[in-house]
Amino acid sequence: MKRVGYGLLLMWALLPLWSQATTPTLKNVMEQDTPSEEVTPKRAPETPPTVADEFERGSPRSSMEGLLHAMRYGDFDQAGHYLDTRNLPDTVAALEPAELARQLKVVLDRTLWVDLQSMSNSKHGQSEDGLPSYRDLVGKIAHHQRQVSVYMQRVPRGDGESIWKISNATLSHIPELYRIHGDGPIGEFLSQHLPAFEVMGLQSWQVVALLLFLLIAYVLSWPLFWLTNTLIGRRGDHTQHLQRFISGPIRLLLLVLVIRQTLPLIRPSIEAQAFAEGRTLLIIAFLWVVVAGLELTRQHLMQVLRERGKDQGALLMRPLFTVAKTLVILTGLLLWLENLGFKATTILAGLGIGGLAVALAAQKSVENLIGAITLYMSTPVRVGNFCRFGTQMGVVEEIGLRYTRIRTLDRTVIHISNATFVDLQLENFSEREKIRFSPTLHLRYDTRASQLRPLMDAITDALQTHEMVDEAPVRVRFHKFGPQALQLSILSYINTTDFPVYLEAAEELNLTILTLLEQHKVALADATQRRLSHEGTLLTGTP
């Protein structure tokens, strides 16, 4: 119960990480990085058409697309052509357009996801957004309990045409936003002394800082894990699996959580946040913890069942936990796809018809699996037991997930489906704690009472003194007057569950009874054949 409680506590602790909304998703990032004609159907040309321009600034969408392209490849001189630098405050106007474009890139990367497909491709911009006709809204950035709007603004080009640029009203806030969302002194220093590259939206200095945090977390956690494993190792000889569980899955999960908690410290970009919110590492670590935890539980249950003598139940644990692990992994895969931006419900709906067909085809297999579970858990028979099933008898050699294999008395092998086998009347001879010995003697009618009484007493004494015969009950009774003979009934039990041993003891007792018949001059009913009916089987001998 403690392990179950710890597992539920861990899932509760991670639930906020699992349920946060992510905007944008990794799917959005991938689609944004792909040319628009590859991810969206071609649209009919909008009217009126855009203005021909060297930098494609004829519409809000084309201008923003050109700006993002220039900033992505570090061409900030070209990016400066997309900024409306007129009438800026003196502190902002003192910055070069290229530097202002660089700061704008950092701010946009870390605070605003630009959805190009939602922007107008008309030279007149959006007409129903409630804004002046010369201004279009790109998005809003949260700043000190208020929001800074990012606008595209239509400005004159000088030849009578108008083009779209980032509004000077927006640019006036960029230096202030950069001080909050920029690299900071440490980031600025590291970025100047490290090679320029990006990994999943992270700049080089951010990658180095993240690796440094990871190394520090590993070093600080090492004494804790060492102490924990040392204490666990003192509990017994069967703690290796638990130690590996703590050193492997638990440590990885801890390091992943450290990465998630330290990620905001390096001010990641929206793209990096999208990769992080995909939770690939978190899901892998969490699945490893759950799967390894299930394996620990399986080993513990198998050990407990074997100690209690339930070997069949122990054998059942492996396939059951394999199914459980498969379901856990599939659930994790669906959660991962959902986090990436794909609709898991749509995927499940697409698989619904195929799953129904598979379920119908696997109906018999499921019935046999349930039959195997029933045989393992209720254990009416075990491997090695001698039993009667239906009208046949044999020794159970194997109980599989689909068939039960039985070796008959004729040494043939029968494979019977588990679903059929569990519905049969099963008589388990191996469960007997002792075996009955109850022959019936058919004596001649000329037998006198003076002969019969001493014979009965002698047979009783022989049974009571035999080492293999149970103390009680031991009965020898003159049962009835049969149509052709006097019937003498004997009831006793042989203290063994081994049938060959029983046959040896029964043989000794039969010979003893035959000797007593001769000593008391009592004959069996047939003058030429002395008959001993033993559990319905006639054993013949010579007088």
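Here the Cβ of each residue, glycine as well, is placed from N, Cα and C on the backbone.
Keep in mind that TrEMBL annotations are predicted by a computer and have not been checked by a curator.
Taken from TrEMBL as is:
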{"type": "SIGNAL", "residues": "1-21", "note": "signal peptide"}
{"type": "REGION", "residues": "30-61", "note": "region 'Disordered'"}
{"type": "TRANSMEM", "residues": "205-227", "note": "transmembrane segment"}
{"type": "TRANSMEM", "residues": "248-266", "note": "transmembrane segment"}
{"type": "TRANSMEM", "residues": "278-294", "note": "transmembrane segment"}
{"type": "TRANSMEM", "residues": "315-336", "note": "transmembrane segment"}
{"type": "DOMAIN", "residues": "324-363", "note": "domain 'Mechanosensitive ion channel transmembrane helices 2/3'"}
{"type": "TRANSMEM", "residues": "342-362", "note": "transmembrane segment"}
{"type": "DOMAIN", "residues": "365-430", "note": "domain 'Mechanosensitive ion channel MscS'"}
{"type": "DOMAIN", "residues": "442-523", "note": "domain 'Mechanosensitive ion channel MscS C-terminal'"}
TODO: Grab the same-chain neighbours of the transmembrane segment (205-227) for me: Cβ-Cβ under 8 Å, and only residues 6 or more beyond its ends, written as numbers and ranges.
DONE: 183, 186-187, 190-191, 194, 199, 246-247, 250-251, 254-255, 258-259, 262-263, 265-268, 272
Task: Composition by DSSP (helix, strand, coil) of residues within the domain 'Mechanosensitive ion channel MscS C-terminal' (442-523) - done: 38 helix, 19 strand, 25 coil
TODO: Report the mean pLDDT of the predicted model across the domain 'Mechanosensitive ion channel MscS C-terminal' (442-523), rounded to a whole number.
DONE: 90
TODO: Determine how many residues of the domain 'Mechanosensitive ion channel MscS' (365-430) DSSP places in helix, in strand and in coil.
DONE: 20 helix, 26 strand, 20 coil
